[in-house]
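The active site feature in Swiss-Prot is assigned to E531; the stated evidence is sequence analysis. What Swiss-Prot lists as Zn(2+) binding site is H530, H534, H537, and the listing cites sequence analysis.
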Amino acid sequence: MLRLPRITRRALSSGALAPHFDRPLPPPPPAPPAPLCALPPLTAPDALAPLTRRTVRHADALVARIAAAPAHPDPAELRRVVKNLDRLSDVLCGVIDMCELVRNVHPDPRWVAAAEKTYETLCSFMNQLNTSTGLYDALVATVSHTFPGNPLSPAELRVAQTFLSDFERSGIQLPPGVRAKFVRHSDNILSLGRTFLSFAAAGPSADTPIEIPEPEVLLAGLSSKFVASLPRKKRKGPALLAPGSWEAQMIGRYADNEEARRLVYIGSMREDKDRVYVLETMLKERAELAHVLGKETWADVALSDKMAKTPQNVLQFLTSLATHHRPSAAADVAALQRLKALSTVSRTSSQLPTVHAWDRDHYAEQYAASLLPNGSLPSITPYFSVGTAMSGLSHMLSRLYGISFKPVSVAHGEVWHPSVRRLDVMDEHGKRIGVIYCDLFSRPGKPSAGAAHYTVRCSRRVDDDPSEGDGLPPGWDQHLGKGMEVQGEALHGKEGKYQLPIVVLTTDFGTVEESGPALLGWNDLETLFHEMGHAIHSMIGQTEFHNVSGTRCATDFVELPSILMEHFISSPAVLSTFATHYTTNEPLPIPLIQAHLQLDQSLKALETHSQILMALLDQKYHSIKHGEQLDSTRVWNELQSQVGVIPPVRGTAWQTQFGHLYGYGATYYSYLFDRAIAGKIWSSLFARGRTGPAAANHDPAAAEDILSREGGEAFKEKVLKWGGGRDPWEMVGDVIGGAEGEQVAKGDEKAMELVGRWMIK
């Protein structure tokens, strides 16, 4: 068993890390601008156009080389096909992924416009490559060849199978005219998806304000100052609210009058026919694309290479969860009904009143207050400055995986806003293994799409690139500028040199001022640990191949490391190792931690049931067939009536705000699926039966066991380091071990049922 010294607060001194996040940083010294993210081509917005041309030129050369490999007189050229396909993927994704970041976070519209253009051009180009028979035939020839004395490695075979699946999902075996349909439908889906996401990120349309008549009456219970601050059409007229605004949210949560809450809810969720049209057209385009590929539904297409494999398996998983959780969710609703009954003075019926969608937040707030001795709890935010949380994260990761964060000053021009911080991720040997840019703080005009993890560059081995055979003449890129290529760096325990991963985390955590740091609430803390789980997967999952590096794995596996991180932050023993008051340095009182954790669990069944409903909705939308009509609002309302515990609301269309319908099309169940697996791994590797007093207080032994290197190394070696380079079912089975591990490693229907039982437990 690997053991580290006993955890002490002194050992967890924050050093330079906390000030890096808790104090305003001085501007970098005047100097010629550095390229964005220290990537040489990214010197200015107008550098993206020549970079795009350079990328296409290089990609064309690689395509020609790969397609010619089967006829090449040297068998070694065929042996290089998997490597060259991975290089081709890296050449394109290195620019596409960077543009995805820039178009979402950069405040300069010139950068955004240039990134949008490059993104569209290269995504369309990639869609065409996915139907290239030359590439596909070369890959088939490669995997069919035995290569005596030098067979394809398991990693190469995994990468090859990933590419083959991508080609076949793109209809590579279809006639040329049908393949052209694939490209057209894919481009349409890309365009519609971007529009849908922009609508979802923008929130409800503000074209028609919400009107609250007689606000002095309907808004009783809210402060007179708040009511007086609301704009009106005319003096003594109705108050006007922007749908989805913070004022609307305040009324939905705190207004005692049900009619006021109803008006705000319907106004914020009202059906927008243009947005509904975009969503339904996108879903129909996906159904058409599935038909082109010879599949019944888009869910069949999307799940073919996922752990769940089929829509039937997903529906079985979700239906069993819904059946199990519905009574508990109904019990949560009954608790809210009782509170509503107490506040409904004119009630004459003995039946409990219905809790509507506009009641949920209001009575949930009252329910939470009813659990507290004096109706409230002291805030925990002073104990969690961003710097304190980052220091705790770094020390936790050091104990588990032997990696830590090193704060680094950025050069002028390296980041898109002065509030962005850079961390170098270091191994135990003092070697940098990657870079994380942290765009964590609020700023005017910052997109409010929530927290996100962007992979700007994946890791891969680069010293063995056979670039001399690409067929590009000397000086071919002289007029196009620099590319994304790197020389690579040596990593401890790995042969060769690797390009290091670069990731970006974005959140909206308030601002850092001279007067004090940004402080995190409980949800913020969970968000930070969750997103850092993705980043650490990228840092540790450094494989030889770009296409299976880090988070490039099955969608229903990728959330596992992040959800596991949430378990650590929910452990009082772990929190007690770093949570200190930002002014007094006093430790967070354990009873206060426990009270907040208990509060966080209130109405949890209702929240879980809501997630199940959303996952079922995602499946239903992506189970429509070619030519089938779709009324997305009717489908959502019927699902709420049949499976939900709160009735639907006429005239609303919440589904247009469900942005994950694009990015997670038919795979939104992944959050629940990975939550089941993460819970099992947590109890098997880290909690190890610690459910008694030692786990619930600051007993150092509890923290030492939870943060044991033994558990961390097991998860690192059996899961994280592989990225997507190994069958995820085998990884889960390996880390669980025993009879259950053997069963789940098979990845069949019984394995799916077993994961479902883990969730129900």
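Glycine is treated like the rest: Cβ placed from N, Cα and C.
Feature annotations (Swiss-Prot) mapped to structure.
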residue	record	CB count, 10 Å
H530	Zn(2+) binding site	19
E531	active site	23
H534	Zn(2+) binding site	23
H537	Zn(2+) binding site	29
Rounded to the nearest Å - Cα separation of the residue listed as 'active site' and H537 (Zn(2+) binding site): 10
Neighbours of H530, H534, H537 excl. site residues, C-beta within 8 Å of centre, Zn(2+): H453, E531, M532, G533, A535, I536, T551, V558, E559, P561, S562, M565
